[in-house]
Every structure is written in structure tokens, then in C-alpha cells.
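S.K.: I'd like to ask you about the structure that follows.
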């Protein structure tokens with residue numbers, strides 16, 4: 001009996017010891033997980049400083065329009081050049097973005113963008129004439145052309161698959177944050193001081209890059225094996241088992257490295273064409289639904305609608321954009337990309353349709369105050385719906401669907417499409433509104449309807465899948 005009690009005591013002690021050991025392991029895993037997530041979040045926070053640069057650059061022209069036109073004695077066409085030359089610089093930056101990100105790495109590309117932003121904002125601040133003013137806008141445009149590609153790609157390459165959608169959506173959230181802050185602050189300070197304020201996110205990005213790891217997928221692609229493993233350990237925790245993920249990445253890279261270096265014409269091979277159609281199509285519809293015309297010249301739209309000033313409308317736009325983009329960030333990984341895209345696309349269709357009706361009634365001689373309110377309501381429905389999905393998700397999908405061997409070339413093409421649309425809209429918008437306000441918004445309404453059909457028919461759901469799984473299914 002004594003021997004049995006000793007045996008039971010030994011077994012009980014063994015069970016307690018095993019349970020304690022299991023608890024210690026779980027605590028260590030939790031500690032490592034918390035440490036690794038903190039590095040992912042830090043890296044994402046630094047990267048989206050580039051998104052703030054993007055947003056503040058895009059948002060600058062609306063509150064600065066009257067001040068710049070008065071101080072510089074610019075005509076409407078000269079200011080249209082200033083507003084749209086940002087997009088020309090961005091097109092040049094977009095064309096080079098993939099190559100820069102492939103050659104210098106994701107961090108190197110973001111450094112280039114930060115430097116261009118500093119040069120651009122200083123030139124605008126110091127400008128005494130049109131030449132330096134336009135040069136500053138062009139330099140800022142080149143920087144945001146690069147960062148608009150590399151930020152979502154970098155986040156997608158470092159984020160765990162269950163957080164990738166939400167973290168990549170932070171790109172759009174901070175773009176909207178930059179636009180919103182610029183709108184609001186721009187009503188309170190001069191345009192030169194607003195330009196000086198634009199330096200802040202550039203400096204945060206440039207300095208923050210010294211404290212975060214490079215994308216492990218890029219390091220694997222260029223053969224830097226030791227740095228590749230160090231990057232994975234920093235992102236997952238120093239005691240994490242990275243063997244499975246490392247093997248998957250290396251196998252994928254090895255397969256892709258056997259293929260010749262990609263060219264633009266290679267993107268139109270049958271195995272890549274669906275990815276290209278989805279990426280380019282979403283960017284085209286994002287722009288031709290009218291977003292940058294509305295954002296660049298929001299103040300003037302509200303004046304055209306019958307308001308004495310555009311300040312009230314632009315502040316309301318700023319107030320709703322940020323929280324709704326945050327809601328979109330939360331829903332992206334919960335509801336999925338495609339359902340959110342459909343909801344968002346339907347909302348911007350409704351918003352454009354309301355604006356079309358209100359401007360049409362105004363053109364027919366109706367002067368009731370509710371018509372101006374209808375215009376304001378349409379624009380706010382449009383901006384809110386755009387913020388919750390159509391703003392961010394095309395960039396998320398762009399970062400997910402292209403294999404790494406064509407990601408640079410394909411990313412440049414997709415980003416170029418986005419900025420070409422932005423330039424076309426920002427340059428022609430004032431002339432279109434002078435031609436016909438309701439006709440302008442009717443064109444946008446038709447584009448929104450076509451976008452809904454495109455999403456239904458061609459856009460895949462990428463929620464909860466690794467990049468390698470998505471790309472295999474898209475390109476097989």
C-alpha cells in the first residue's frame with residue numbers, strides 16, 4: 001500500500017510538473033507572439049507614414065487653392081496645372097517604383113520617397129513664382145508615386161495572413177488621415193505653413209526606417225539568406241519556429257527565379273493576365289469613378305452647389321473619412337475583400353447619382369435650399385462609401401495577386417494606371433464642371449455602375465489565404 005501511495009504521489013508530481021512545463025511554454029509562446037506582433041505593428045506604423053505623405057500631398061490643393069491663386073496671381077488653368085502636376089510626378093514615380101523597390105529593397109524605396117517629399121514641400125514653401133511651385137509639386141508627386149506602390153507591398157510581405165488585410169488597409173486609413181488633417185488645418189493656417197507641416201511625416205518615415213526589418217521575401221529574392229532569416233526571426237520572435245514559412249518562401253522564390261526577368265509584355269501571358277486585369281481594372285474604376293476630382297477640388301464643388309464657402313463641406317468630408325476608413329480596416333479581414341468592395345461600390349454609385357440629380361435640378365432653374373443639401377449629401381455618401389472599401393481594397397488586392405517575379409513590373413503598371421487616372425481627373429475636372437456639372441457626375445455614375453459589374457464578375461476573394469496560395473490560384 002505504501003508503495004502504491006509513493007507511485008501515485010510520483011505520478012501526481014509528474015502531472016503537476018508536466019502541466020507547469022506546458023504553462024511555461026504557453027507563456028513563452030505568448031511572450032514571443034506579443035514581441036513579434038509589436039515588431040510587425042512598429043514596421044507597419046513606420047511604413048504608413050508614407051501614406052500620410054500621400055494624403056497630405058493630395059489634400060493640399062483644396063484648402064490652398066484660393067490662397068495660392070491670390071498670392072501668385074494664378075489663372076484657373078495655371079492652378080489646374082499645379083494641381084495635376086502632382087499626378088504627373090506620381091506617374092513617373094509609379095513607372096519607376098517597381099524597379100526601385102526591386103533594386104533598393106522596400107525600405108530603400110521608402111527612403112527615396114521621403115527625400116522627394118522633403119524636397120517637394122520645401123520648394124513649395126519657398127516658392128516665389130510658378131516654376132519652383134510646380135517643381136515642388138512634381139517632386140512630391142514622384143515620391144508618392146513610389147510610396148503608393150511600395151507601402152502596401154511591404155506591409156503585405158511582413159504581415160501574418162490573418163492580419164494582412166487589416167494592416168494593409170492602414171495604408172488607406174493614413175492616406176485619408178493625411179487628407180483629413182490637411183483639409184481641417186488648411187482652413188486655419190496659410191498655405192505656406194501648411195506646406196511646412198507636410199515635412200513632418202517625411203522625417204518620421206526617413207528616420208523610422210532605421211528601426212525596422214526589411215521584407216523577408218525581398219531578401220530571399222535577392223539571395224541574402226542570413227538577413228532573410230534574421231528578418232523572419234525579428235517579425236516572428238527569436239524563439240519562433242520559422243522553418244515552415246521560410247521553406248515555403250524559398251521554394252516559391254526558387255521556382256520564380258528560374259523564370260526570365262519580367263518585362264511589361266510578359267504580364268500579358270495567359271498565366272498572368274487575370275491578375276493584371278484585376279489589378280489594373282480596380283485602379284481604373286477607383287479613379288474614373290471621380291475620387292481625385294472630388295478630393296482635389298472639393299471646396300469648389302460646394303461653391304458650385306450654392307454654398308457661400310467650401311469650408312463647411314470639406315470639414316464634414318474630413319470628419320467622416322477617417323472613422324469610416326477605420327471601420328473598413330476592421331471589416332476587411334472579417335467580412336472579406338469582395339463583399340466590402342461590392343458594398344462600397346454600390347454606395348459610391350448612390351452618392352454620384354444623388355449629386356447628378358441635384359446638379360441637374362439646379363441647371364433646370366430650381367433654387368431651393370434643399371438642392372444644395374442634396375449635393376452635400378451625395379458627396380458625403382460618396383466619400384463615406386469610398387472610404388470603407390474602394391479606397392483601400394484595390395491596393396490590398398494589388399499587393400496580393402502578383403507573384404514576386406513580376407511584382408515589380410506589374411506593380412509599376414498598376415500604380416501607373418492609378419496615377420494616370422488621377423492626373424486625367426485632376427486636370428480635366430474643372431473644365432468638365434464648367435461644361436456641365438450634372439454631366440460630369442453622370443459620367444462618374446456610369447463608371448460606378450460598371451465597377452459593380454467588374455467586381456461581381458472578376459475580382460477574387462483573398463481573405464485568409466497566404467500570398468503563395470492566392471498567386472497559385474490566380475496564375476494557374
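For all residues, glycine too, the Cβ spot is worked out from N, Cα and C.
Under the heading domain 'Major facilitator superfamily (MFS) profile', TrEMBL lists 43-463. Per TrEMBL, transmembrane segment is recorded for 36-59, 79-100, 112-133, 139-158, 170-189, 195-212, 276-298, 310-331, 340-361, 373-397, 409-429, 435-456.
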S.K.: Taking the transmembrane segment (36-59) as the reference, which of 195-212, 340-361, 409-429, 435-456 gives the largest number of Cβ pairs under 8 angstroms?
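M.R.: The stretch I would name here is 195-212.
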S.K.: Using a Cβ distance cut-off of under 8 Å, indicate which of 79-100, 139-158, 170-189, 195-212, 276-298 has the most pairs with the transmembrane segment (310-331).
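M.R.: Stretch with maximum Cβ contacts: 170-189.
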S.K.: Under 8 angstroms for C-beta pairs, at least 3 of them, ignoring pairs fewer than 6 apart in sequence. Is the transmembrane segment (79-100) in contact with the transmembrane segment (409-429) by that rule?
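M.R.: Yes, the transmembrane segment (79-100) and the transmembrane segment (409-429) are in contact.
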S.K.: Using a threshold of three or more Cβ pairs below 8 Å, and leaving out pairs closer than 6 in sequence, do the transmembrane segment (139-158) and the transmembrane segment (409-429) count as in contact?
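M.R.: Stretch pair touches.
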S.K.: Considering pairs 6 or more residues apart, do the transmembrane segment (276-298) and the transmembrane segment (139-158) have at least three CB pairs under 8 Å?
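M.R.: Answer no: the transmembrane segment (276-298) and the transmembrane segment (139-158) share fewer than 3 Cβ pairs below 8 Å.
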S.K.: Cβ under 8 Å to the transmembrane segment (373-397), counting only same-chain residues 6 or more beyond its ends: which ones?
M.R.: 148, 152, 156, 164-165, 168-169, 171-173, 175-176, 278-279, 282-283, 285-286, 289-291, 294, 298, 301-302, 305-307, 313, 316-317, 320-322, 324-325, 327-329, 331-332, 337, 340-341, 343-348, 350-359, 361-362, 418, 441, 451, 459, 462
